[in-house]
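Okay, structure first, notes after.
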Amino acid sequence: MSAVKAARYGKDNVRVYKVHKDEKTGVQTVYEMTVCVLLEGEIETSYTKADNSVIVATDSIKNTIYITAKQNPVTPPELFGSILGTHFIEKYNHIHAAHVNIVCHRWTRMDIDGKPHPHSFIRDSEEKRNVQVDVVEGKGIDIKSSLSGLTVLKSTNSQFWGFLRDEYTTLKETWDRILSTDVDATWQWKNFSGLQEVRSHVPKFDATWATAREVTLKTFAEDNSASVQATMYKMAEQILARQQLIETVEYSLPNKHYFEIDLSWHKGLQNTGKNAEVFAPQSDPNGLIKCTVGRSSLKSKL
């Protein structure tokens, strides 16, 4: 005898663009995002008995995303995701959970002749702001915020030495190396009782995103890094200290390697050690370092 153990469905890759027009100043502000909504509830019969009566059509989910974006603010995305998820569990009695993922695409206002342009923008990087909102009936709202695709590099002030050495080790110790990574940072908010509580904390979502970004960049730049592990822990520690509603901070940092090129074969040209100026950036393989840091009162899952 078979039974459905878990099921969710919905609409993915819904692209949304919204413009806010200030009629007084003529300044326009744009937002672009990609949204995924997955629903859970009493939907087993759609799988086991071909009963479509319990299915909220994914096309209807798409339409709901557009209508909700028209009728509500789409920023901060934590609020928009909470409004959207709450709609589904309140509208449909048999739907008990809504999972909303939002990826915000970057549009930065252009500066023209030294002044911000009122309606022109540039995508100056592939950095993204993301949220995962889980609205569960009777259990409140869980929100994870994150930034990803923030590519950084520093040409010095990074070390790696004192690591375990055995018969598999060929890596040389170094007290000065290039450090580059694509930052993926996630912070888990405390559980919110419902949409009203989320609304009461709206200013903190943008402020915390800005704080996390600023802490990440400042620590990366200024820390004389003993390792990626040590630096990412310092980043997470500072974010937790600056926002008490955050329960955990998680970093995932690839270590993107830049190798010295030995050019001594060409007329004795010196390009290693202190003389290294030309390097070969490596696409793969790369290191990958992950860490979740929480408050000491929370149990570790190590």
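Here, residue 1 is simply the first one shown, and the rest follow in order.
Cβ coordinates are placed from backbone N, Cα and C, and glycine is handled just like the others.
Annotated features in Swiss-Prot:
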| type | residues | note |
| --- | --- | --- |
| MOD_RES | SER2 | N-acetylserine |
| ACT_SITE | LYS11 | active site, charge relay system |
| ACT_SITE | THR58 | active site, charge relay system |
| BINDING | THR58, ASP59, PHE160, ARG177, VAL228, GLN229, ASN255 | urate binding site |
| BINDING | THR58, ASN255 | O2 binding site |
| BINDING | THR58, ASP59, PHE160, ARG177, VAL228, GLN229, ASN255 | 5-hydroxyisourate binding site |
| ACT_SITE | HIS257 | active site, charge relay system |
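Known features from Swiss-Prot, placed on the structure.
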| residue | record | contacts (Cβ under 8 Å, 6+ apart) |
| --- | --- | --- |
| SER2 | N-acetylserine | none |
| LYS11 | active site, charge relay system | VAL35, CYS36, VAL37, THR58, ASP59, ILE61, LYS62, ILE65 |
| PHE160 | urate binding site | GLU173, THR174, ARG177, ALA226, SER227 |
| VAL228 | urate binding site | LEU179, THR181, LEU253, ASN255, GLY287, ILE289 |
| GLN229 | urate binding site | ILE289, CYS291 |
| HIS257 | active site, charge relay system | PRO281, GLN282, ASN286, GLY287 |
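The 10 Å shell around the Cβ of THR58 (active site, charge relay system) contains 16 further Cβ atoms across the protein chains shown.
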